[in-house]
Amino acid sequence: MTWLLVIVGAAVGAPLRYLTDRAVQARHDSVFPWGTFVVNAAGSLLLGALTGAAATTDTYALLGTGLCGALTTYSTFSYETLRLAERGWRFLAAANVAASVLVGLGAVFLGAGLTGGTLA
Amino acid sequence: MSERPEAIDPDVDLHVPDQRAETVGGAKWPVLAVISAGGALGASARYGLALAWPVPVGGFPWSTLAINVLGCALIGVLMPLISEGGRRAHHLVRPFLGVGVLGGFTTFSTYAVEVSRLLARQQAGLAMAYAAGTLLGALGAVSLAATATRRALAARTGAEYGVRTP
């Protein structure tokens, strides 16, 4: 049952990442991967909020493990960082790593704060 | 002939004309369907591994680290095979395997929450080790896998043309 909730959440989260990535790129033409940056930050904010709210097992499976897990991605983040570095945009590659991690962590704390919970 | 632009973002890069066009009209439904199915498969595998390899509260999140490093190694194999150097694959391969399966398997949000939880528990050393360990593992894996795959492809292409490779 819980497994089904993960599947349903991910079945929405993965296409949502793809469509959000497209929408961001369509509005902001850049070699910097803003689309992936935005979905990773947004997913971290939502997962921080769910963690802070001490969501039930089912809610966490659907929206956390499923939706946020598939909305965010480490594989896309790492390959695009490699590509930036290989194309000579070493500063953008380093900035992508630093900004994604720092904003991701900030988003988690913000999300947890918004739901009034604690992460520990 | 102008060089075909290559993607930076493997999920979708609107600088690549084929990828820009893949949501035009009815073409978008099979693309979204295989992304959705791939995402469900990848997330299921991640969930299964996390269940099989639970991490105690305050422990080092080995399962997420392994999942993310493995997923990064796999995209480092996939992308050179299907999109680099002018290579092409069926137009649903990248959406299904790259965007769906590997994107659904790996996770940035869980990584960020796990680092934050260790920080909130005053386990700064463990938080730093996990944060940096995942980054180094993921970037090292994608780089090594992509390099090895490109070499293997170049050796095969060379062999087809009767060129000896060292």
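Numbers here mean position along the shown chain, with the first residue as 1.
Any Cβ shown, glycine's included, is placed from N, Cα and C.
Annotated in TrEMBL:
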type	residues	note
TRANSMEM	A:32-53	transmembrane segment
TRANSMEM	A:60-79	transmembrane segment
BINDING	A:GLY69, A:THR72	Na(+) binding site
TRANSMEM	A:91-114	transmembrane segment
For the transmembrane segment (A:91-114), sequence-distant contacts whose Cβ falls under 8 Å of one of its Cβ atoms, 6 or more beyond its ends: 31-33, 36-37, 40-42, 44-52, 77, 80-82, 84-85
Beyond the flanks of the transmembrane segment (A:60-79) by at least 6 residues, Cβ under 8 Å: 2-3, 5-14, 16-17, 20, 33, 36, 39-40, 42-44, 46-47, 50-51, 96, 100
